[in-house]
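Novice: Take a look at the following structure, please.
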């Protein structure tokens, strides 16, 4: 444990210092929800959608998310959805009944998740968009002819046809399409050409049964820690995805701990600890003095490699800042994967108000479809047993956990097309740093989702509708994201491309690229029952 009474040098540590935005004052949550969000050009709601389910225009004057600020309960609505991928126009709204029971039931969780999965995949319009093309009746593919036509082919169609052949076990056709794809993709091309490079690599790895080997190779052939940190910094600066997580969670945490004198934050993806630099500075301004702040950070191997050392570096950096700000500070490390965490690893002490932060990490926890241990739900029940004041959950809005291979491939194609477009808006296509950042920080995840299965597939995203089921079954009640957090996120987005937007639905805050939801922030409290 480090305390702020010991002076530690923070030189040469984390490069990803967060420029986190907040409202001028952090006030206790009122009963207005998102009733008055500044910067309305950056904000729209899902509630104002038409009956057909299409999203409203981005300059919609309506910014109301909830009619009341009180917590919404499972009984408040029979809809547990947040899937915005139900049609090409992001139609949302897929009823899921019977989620009112909060008593944990493993079979019940599986049943509700399966029910939602069926609802999401029924009439899978994303796959149906690619109706397929085929050679003339009774003829086989003429690959030489197809290669000659590559300038006229739609790259997305070719990618999906290759994936369809893989799914059907038609290896000859799959390899034929991969040869065509080699002539169409480029790491320095358009967003779809760059993405196509990595998706084709994933397909080839799956065909050759070397998915896990290639995934491990990508991990083993990483650049040096300093280089990787540099590439991570590039993505951090040109895309708002991590700042969205840090900004919204920090505002929610500050509001939740107002008036507390002893605060314990447990972060399951603390990475470089950047989020808490801002938090410490804000706590130092608290009227009447700051609380004693205790932070438990859970580690992962990638963060250890990137920062060039263990969690002690994070603790030293935060302790140094806390001391300079006059904030009493303690740091506890849990050097292990999140799925291995037990209660005794968290450094709990009596008398602390506990807050738990899950930033883009729960999707790495294996669930009931992977392991009988079901660490995803086990961890949520562990957190519930701590009686936290607040749990913040930020995740990618994508459905790749249990969907069949072809549906998963098309979902990955859709999601990462938007991500690569958003990166493209910030850096030139021939920018070497951008190319390296995509190769070393994004490609590995894509290959893992396409090439690997069972326990070796660690990228298992779920849409908020599924997280809602899991949180409710674990004994949590959803709580609307505050006006202050929405304001802070809106202010943060002013530094980015105008195609980034905010939206809200059932109390959660969504980050969009154009019409595609990319990430969600939701807030949870233990059910009093």
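All positions are counted from 1 along the displayed chain.
Every residue, even glycine, has its Cβ placed from backbone N, Cα and C.
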Novice: Checking feature assignment: motif 'VHIID' per Swiss-Prot, candidates 258-262, 263-267, 268-272. Which range matches?
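Specialist: Within the set 258-262, 263-267, 268-272, Swiss-Prot attaches motif 'VHIID' to 263-267.
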Novice: Between 51-84, 85-118, which stretch does Swiss-Prot give the note region 'Disordered'?
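Specialist: From Swiss-Prot, the annotated region 'Disordered' range turns out to be 51-84.
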Novice: For the region 'Leucine repeat I (LRI)' (153-213), jot down how many residues DSSP puts in helix, in strand and in coil.
Specialist: 46 helix, 0 strand, 15 coil
Novice: What does the DSSP secondary structure composition of the region 'Leucine repeat II (LRII)' (313-345) look like, as residue counts for helix, strand and coil?
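Specialist: Split by secondary structure, the region 'Leucine repeat II (LRII)' (313-345) comes out as 19 helix, 6 strand, 8 coil.
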